[in-house]
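**Student:** Would you mind keeping the following structure in view while I ask a few things?
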Amino acid sequence: MTNIRKSHPLLKIINHSFIDLPTPSNISSWWNFGSLLGICLILQIATGLFLAMHYTSDTTTAFSSVTHICRDVNYGWLIRYLHANGASMFFICLFIHVGRGMYYGSYMSIETWNMGIILLFAVMATAFMGYVLPWGQMSFWGATVITNLLSAIPYIGTTLVEWIWGGFSVDKATLTRFFAFHFILPFIIVALVMVHLLFLHETGSNNPSGLNSDADKIPFHPYYTIKDILGVLLLFLFLISLVLFAPDLLGDPDNYTPANPLNTPPHIKPEWYFLFAYAILRSIPNKLGGVLALILSILVLALIPHLHTSKLQSLMFRPLTQALYWILVADLLILTWIGGQPVEYPFIIIGQLASVLYFAIILIFMPMAGMIEDSILKMD
């Protein structure tokens, strides 16, 4: 008799995706973050659903409803902080996942890579809208500043901004629609994740060496299910520690002040995971130029497969590009720090230099390093 998991139409799909999936035998712990992202997404949808049961998307009651969740709902504080810090975990895993793809040349599976970039944009949009919902000072002013950037679009900009706002300023209509979008987007993300996995399983996973591993594959279960469970346990340990010991560590104190359109906070800044892009936006004195740089800071990832000049896929055997890669990581950390600093000397010039370096490494230095390494190895 055939095993039911191999014959049942639905179980067959799950079997081919998570059980009998042929997987390279040498993938390292850097490959754990895909499954961790899946866990983060499930956690965010689950906690978000319970928060939505108690939240009200009205400007007069939104702030109070979040306070009510924390004070009066059973374990409401736990659900709220799991959701808020879960978003930070989500982005930590996302950045490592993208960084792994860049380091080991996984971007050569172009469909999977492009789907991942679309997912990154979708998650960033969801997180931005979620940050507006508690209706604190930073929620309100963050929404005002970021949506206002669209007014830089020639001719239709102002009309577009007012259309998104649902009026002449960020108000009740804006909050209601942001709540609606924040609720629906994670389910769209789930669908996109399925497409992402569909493309991935067409080609199979890459591995640290960047070489074809068809000759040496092992089943995903039990080897990598066990390995993923260890990753999940470590993720939960980190998340629970953050939630129970320092729940507001990554938040902004300004968001504990109810939104006030008449009082601007001294430093408007987004959550930590957007600071690198915010620093790039601020480093350009022109509004439209800044908006384009902001979008390109993520969209530039789509160019990476087309700028791959080396005959070796992974950076494992390419020390020159490896050095550039780690300079890029350091540069992103500098941009993150600059994004949280006030707009004054010396932070302005540091931000501008770091922004130029970010684009230069990806667009110029890495492709050049690939060609230099090929010529050193006499592979051209």
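Backbone N, Cα and C define each Cβ position, glycine as well.
Sharing the feature lines straight out of Swiss-Prot:
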type: BINDING; residues: His83, His182; note: heme b b562 binding site
type: BINDING; residues: His97, His196; note: heme b b566 binding site
type: BINDING; residues: His201; note: ubiquinone binding site
type: TRANSMEM; residues: 33-53; note: transmembrane segment
type: TRANSMEM; residues: 77-98; note: transmembrane segment
type: TRANSMEM; residues: 113-133; note: transmembrane segment
type: TRANSMEM; residues: 178-198; note: transmembrane segment
type: TRANSMEM; residues: 226-246; note: transmembrane segment
type: TRANSMEM; residues: 288-308; note: transmembrane segment
type: TRANSMEM; residues: 320-340; note: transmembrane segment
type: TRANSMEM; residues: 347-367; note: transmembrane segment
**Student:** CB neighbours of His83 (heme b b562 binding site) within 10 A?
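**Tutor:** For His83 (heme b b562 binding site), the 10 Å Cβ neighbour count is 21.
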**Student:** Let me spell it out: take the transmembrane segment (33-53), skip the flanking residues so only those 6+ beyond its ends count, and list any with a Cβ under 8 Å from a Cβ in it.
**Tutor:** 69, 79-80, 82-83, 86-87, 89-90, 93-94, 96-97, 100, 182-183, 186-187, 189-190, 193, 228, 231-232, 235
**Student:** Check each residue in the chain of His97 (heme b b566 binding site) that is at least six apart in sequence and keep those whose C-beta is under 8 Å from its C-beta; list them in sequence order.
**Tutor:** Phe33, Gly34, Leu37, Gly116
**Student:** Quick one: Cα separation, His196 (heme b b566 binding site) versus His83 (heme b b562 binding site), in Å?
**Tutor:** 24
**Student:** The transmembrane segment (320-340) and the transmembrane segment (226-246): do they have three or more Cβ pairs under 8 Å, with pairs 6 or more apart in sequence?
**Tutor:** no
**Student:** Relative to the Cβ of His201 (ubiquinone binding site), which residues of the same chain, six or more apart in sequence, are found under 8 Å away?
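**Tutor:** Listed in sequence order, they are His16, Ser17, Leu21.
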**Student:** Near the transmembrane segment (113-133), which same-chain residues lie under 8 Å Cβ to Cβ, leaving out any that are not at least 6 residues past its ends?
**Tutor:** 55, 57, 62, 66, 87, 90-91, 94, 97-98, 101, 106-107, 139-140, 142-143, 146, 174-175, 178-179, 181-182, 185-186, 188-189, 192-193, 195-196, 199, 270-271, 273-274, 298-299, 301-302, 304-305
**Student:** With a Cβ cut-off under 8 Å, give me the same-chain residues at least six positions beyond the ends of the transmembrane segment (288-308) that come close to it.
**Tutor:** 98, 102, 105, 107-108, 110, 113-114, 117, 120-121, 124, 149-150, 152-154, 276-278, 280-282, 355, 358-359, 362-363, 366-367, 370
